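Residues or ranges marked as domain 'Cadherin' in TrEMBL: 4-84, 85-193, 194-308, 309-413, 413-527. Look at TrEMBL and you will find 527-558 tagged as transmembrane segment.
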Amino acid sequence: QLHSDQDKGDGSLKYILSGDGAGTLFIIDEKTGDIHATRRIDREEKAFYTLRAQAINRRTLRPVEPESEFVIKIHDINDNEPTFPEEVYTASVPEMSVVGTSVVQVTATDADDPSYGNSARIIYSILQGQPYFSVEPETGIIRTALPNMNRENREQYQVVIQAKDMGGQMGGLSGTTTVNITLTDVNDNPPRFPQSTIHLRIPESSPVGTAIGSVKATDADTGKNAEVEYRIIDGDGTDMFDIVTQKDTQEGIITVRKPLDYETRRLYTLKVEAENTHVDPRFYYLGPFKDTTIVKISVEDVDEPPVFSRSSYLFEVHEDIELGTIIGTVMARDPDSASSPIRFSLDRHTDLDRIFNIHSGNGSIYTSKPLDREISQWHNLSVIAAEINNPKDTTRVPVYVRILDVNDNAPQFAVFYDTFVCENARAGQLIQTISAVDKDDPLGGQKFFFSLAAVNPNFTVQDNEDNTARILTRRNGFSRHEISTYLLPVVISDNDYPIQSSTGTLTIRVCACDSRGNMQSCNAEALLLPAGLSTGALVAILLCIIILLVIVVLFAALKRQRKKEPLILSKEDIRDNIVSYNDEGGGEEDTQAFDIGTLRNPAAIEDKKLRRDIIPETLFVPRRTPSAPDNTDVRDFINQRLKEHDTDPSAPPYDSLATYAYEGNDSIAESLSSLESGTTEGDQNYDYLREWGPRFNKLAEMYGGGESDKDTS
């Protein structure tokens, strides 16, 4: 309760409250100053509240005293039970641990005030899990309570721990949690074979590395504590078998180490040991951590294939042996007790050319075709041996045949030699160094000798005794004009037995050379050129000729493209004809029409066909002119014929008709015939042609300028 000294009890003062929780958690009676809590207060939410109170005049609302501040402290009561952060804990401890081994610590918390009374003092106890585990009351540490707890007997334990406040006294609040404890494995159990003797069987034909069977020792432990290593420690088959540990299954796989033979031995005995690889020294007293068993292996008889006396054969033979010669023999036997006869054959895939053959009964290999070391030095054959009683059971063996060399090839020139001699060569001058090759390969190496097939007056051979020779001249000066090429036969022989030799011919050209002996020309035609005319001058002359030819061709092409003047072909026989391109023309009845095909093919004109536009007084033989090419322009052809007739004194200048490719409009000049001919002496004026329009400008120019042309001529 708040009370002001100025309060006379007449209700003139008013108390007001401000601060933490004022108006919500705490309210004040404005008349009496009593402070009340509106709901239950929880210390765990807030332990202190700071408030400010003041008395004011109810009418003027002015404070009658300064504002005062006070603190409300909440006293704690035991209203919160201890709680664990986890509902379930998981822990583990090794099996066989000593009593008191720490497993895990659990800790509970209490929201009450630890400084006020015993509300937050917690004591731990175990409700479930005895007598295997215990808990320390003050710390909550769980420890083992029994010695030698064995995982193989029980692996999982569930422990319930209680935490109680008020120091564990009556009336205290409590909370519980569950702890699942697992015993982890230690290597406290040795491996054990379930059987003291194990029997296995295997066929004698099993190849090396074949798995015969497996043995397995059991171990109650898990993980690495159960890992076992197997080994063969004794027995009469230690050198014939191996054992390998399979890590994922922890089995010992027994495999074949050497080939087995039923006829040699039929039963083997092995002593196999299994031992833990990870042994804990603390548990040596429980050992030894290993065990042994006896493995008996029986070898079963099978029909085995033939066995060759060797794993491979090597035969050497000279290449010049006769056909049918035996080069070697392979031997095989039947390893079975029945000892069946053997039949031999060649795998023809290894002898596609069928050079060899084999005797099926005794295995003798002989030649069926000639041998040639230079073609193939080695032959790799495969011989097949099969039992006659069981042909499907076969064995193969490789046979290597090496062909030894025989001197059966003559040496030859190593390369083709392009040899020349200078015209100004002197006697004893070197013109070529030659060498030779031989397909044979003698043991002492190649040795060649060079000589001339016959005495030569121009050249000689000098052997360098190192498988090379020099070609030298024997006289001074050579002439291309006389002999341009010499043939020099050279004999090459080797020194092996029997001696082989061959004759190679050198072609020696006579060439012009400079003062240093460098070849300039070897052609005989070069003698006809003027002296002193160099190669550069010849090239320049050739270029000039090519340029002149190009100019002439261009000039001819430009001349053909020049526009040609139209010609008048007729005088009296005037017909207005229409020539249409891409059309048949006038047809068969139009016999008097001008045939344009004659212009395109002058060769079709009959020899004695005369002109039809006049009646000549005397017959004359028309001149034959060369035919124009098929692609000659019609205008060029007409222009050429016009020029020929103008210059021909026997051909009068008859009037002609110019035929155009189109009819055009009606001409106001009507007929254009009776133009002045060469036989008329009178002068005519053709100026009126200029008045007929632009289409007659060409005619006006041709005939209007006739007088000036005559004057100039």
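In case you wondered, yes, glycine gets a Cβ from its N, Cα and C as well.
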Which whole number is the mean pLDDT over the domain 'Cadherin' (4-84)?
80
Residue counts (helix, strand, coil, in that order) that DSSP gives for the domain 'Cadherin' (309-413):
3 helix, 47 strand, 55 coil
Over the span of the domain 'Cadherin' (4-84), count residues by DSSP class, listing helix, strand and coil in order.
0 helix, 32 strand, 49 coil
